[in-house]
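Enquirer: Below, the features straight out of TrEMBL:
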TRANSMEM  54-73  transmembrane segment
TRANSMEM  93-116  transmembrane segment
TRANSMEM  128-150  transmembrane segment
TRANSMEM  251-268  transmembrane segment
TRANSMEM  289-310  transmembrane segment
TRANSMEM  322-348  transmembrane segment
TRANSMEM  360-377  transmembrane segment
TRANSMEM  397-421  transmembrane segment
TRANSMEM  455-483  transmembrane segment
Amino acid sequence: MEKSGKFSDYLFAKMGPPNMTAAVHGTELPPKTTERCDAPLELTGYRKWLSDNLMLLVTLSGVMLGVILGLSLRPLQLHEDSIMLISYPGELFMRVLKLMILPLVISSLIAGSASLNAKMNGKIALRTLVYFATTSMFNAALGIALVMLIHPGNPDLHNADDRASDKRAVKLLDSLLDLGRNVFPDNLFQASIQQAHTVYLPKPSVLHSLNDTANDTAVGIVHGVEAQRQIPEMEPVVLVRDVQYRSGTNTLGIVFFCLVFGTVLGTIGQKGQVVVDFFAAVFEVIMKMVTCVMWLTPVGISSVIAGKILSVDNLSLVMAQLVWFIITVAIGVVIYQLIVMQFIYFVFVRRNPFKFYKGLIEAMLTAFATASTAAALPLTFRCMNEKLRIDPRITRFVLPIGCNINMDGTALFIAVASIFIAQMSGMVLGFGELLTVLLTSTAASMSSASVPSAALVLLLVVLTAIDAPVQDVTLLFAVDWFVDRIRTTNNMLGDCYAAAVVEELSRKELMALDAAAVNYQDMPAGTPNGHHVGLLEGQTELESPGKCQLNDSVVVDMSAVMNNVNLQQEQSNRRV
């Protein structure tokens, strides 16, 4: 009673002096709190719409401003230094976004995988990988169908100056082996700055040294017969594989390590909770930093797009020559985004897919401007968690993986580009070659890096598999800055729709985890069965043996929990 009296005195002291008007009548009442209310008024009408879509309008204005600025400044024939200064704010904007990728991926994967149990992680990973592989193969098949139907390849586009005598040795086997080397890095710190790749170098031979000796002997008698006898014939160059490291973050290796680390971290109970809380706090801090950076979007995105437009030498000629190639890729992207993805979402989620698509427009514009799913990943998290309310445990698990593996737009582009180059060369591709393009495009896209223009390197793999001229890839460099932005939106949307589908397929398990967490919180401290353990004399509650082993020995009847979940879901379906 003494405590409640003190609390009431404190409460009324905080509420202020009594109402003097009421005191005259003999009763003391607290002042009217409704006279001064600092709560913000709820916006309605167009003000509410502007408040909800302000960031979208800011991003869209940046894209439009960049296009207008680039096209209007092209007739001035600006110097390279001027173009560099125009692109400089965009360069800083991209550097800041890429700065947040590594801590964002690490914190989201560890916090997300630790919040789920090991069995749940395996199920989500399996569903995610199956979805990624299926959609990537479908995009490759869609690209093959469109390029065979439209036939954009024209043999007159050949440029004899672009053809080189050497042929770069690129094999699908090397690409797949490099994928495995990057998934399992031998040094985590090196994986933060470098990634492994296979190169072909000339094989060292003993004849090289003999050539050098013969050349030295024949210095004084170049025109003599003795010099010709001592100099052996030139040996043909033999290329051998060599695994080297190039600059760039090995995100695949970091993703694998974080998944394993987070999964094991979630199995040790309360001992690892402080580490989980740490990475969850890091994730929240990075997301707040992203929110602040995104207000610089109009300056950064407009600078990036304007610089790209100004850096192209002959924009109109290139567009006129490759217009059918661009149209083919664009048609494939539009069909997949507006028809196929919406159909997949409706079949699995049973909701309006265009509302989901509308909530991702802001992230799409950022992906289009930056031409990188990794650079748009922070904003993608923001849209998925805050606007679309997808379970953070799913988004933190699926989005970082999809950012490095799921490349739907890249699979579409590689399939179209490889057959486009074959058509320019006059090649007739049979069923076996088309099947090779389908499989190699799917495999190459899943090993693609989430950086701009990474697909052009993988295109060499497919061209080598069907024995097409790899030198014609140089023709696509002129339009890749634009096509890359189109296909990147497919990559980003594929990750988001995968998260929505995986969340729906994993809803029962997620509800079971929530129910188990509630049951665990409601259990009293003591033994695993909920009985209190008597404390010895001089022993504190934290030193109790039952208290120390509570988290590691909690037993939850998961069958009962799942039955309750199924019952609730049946009731909700009946209501619908």
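Note that Cβ sites are derived from N, Cα and C of the backbone, with glycine treated the same way.
What TrEMBL says about a protein is an automatic prediction, not a curated fact.
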Enquirer: Before we move on, state whether the transmembrane segment (93-116) and the transmembrane segment (455-483) share at least 3 Cβ pairs under 8 Å, counting only pairs 6 or more apart in sequence.
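Expert: When sequence-distant Cβ pairs are counted, the transmembrane segment (455-483) does not touch the transmembrane segment (93-116), since fewer than 3 lie under 8 Å.
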Enquirer: When you scan the chain for residues with a C-beta under 8 Å from the transmembrane segment (397-421), skipping those not six or more beyond its ends, what do you find?
Expert: 104-105, 108-109, 112-113, 116, 121, 124-125, 128-129, 132, 135-137, 139-144, 146-148, 152-153, 251-252, 255, 258-259, 325, 328-329, 332-333, 336, 373-374, 377, 380-381, 384, 429, 434, 437-438, 441-442, 444-446, 448-450, 454-455, 458-459, 462-463, 466, 468-469, 472-473, 475-476, 483, 486-491, 493-496, 498-499, 502
Enquirer: Same chain, outside the transmembrane segment (54-73) by at least 6, Cβ under 8 Å from its Cβ: which residues?
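Expert: Non-local partners: 86, 294-295, 297-310, 361-362, 365-366, 368-369.
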Enquirer: Other than its close neighbours in sequence, what residues sit by the transmembrane segment (289-310), given a CB gap under 8 Å and a spacing of at least six beyond its ends?
Expert: 55, 58-59, 61-63, 65-67, 69-71, 73-74, 78, 83-84, 86-94, 96-97, 100, 365-366, 369-370, 378-379, 381-382, 481
Enquirer: Quickly jot the same-chain residues contacting the transmembrane segment (322-348) by Cβ under 8 Å, restricted to those at least six beyond its ends, or write none.
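Expert: Those are 135, 138-139, 142-143, 146-147, 150, 152-154, 157, 354, 356-357, 408-409, 412-413, 416-417, 420, 475-476, 478-479, 482-483, 486-487, 489-490, 493-494, 497, 500-501, 504-505, in sequence order.
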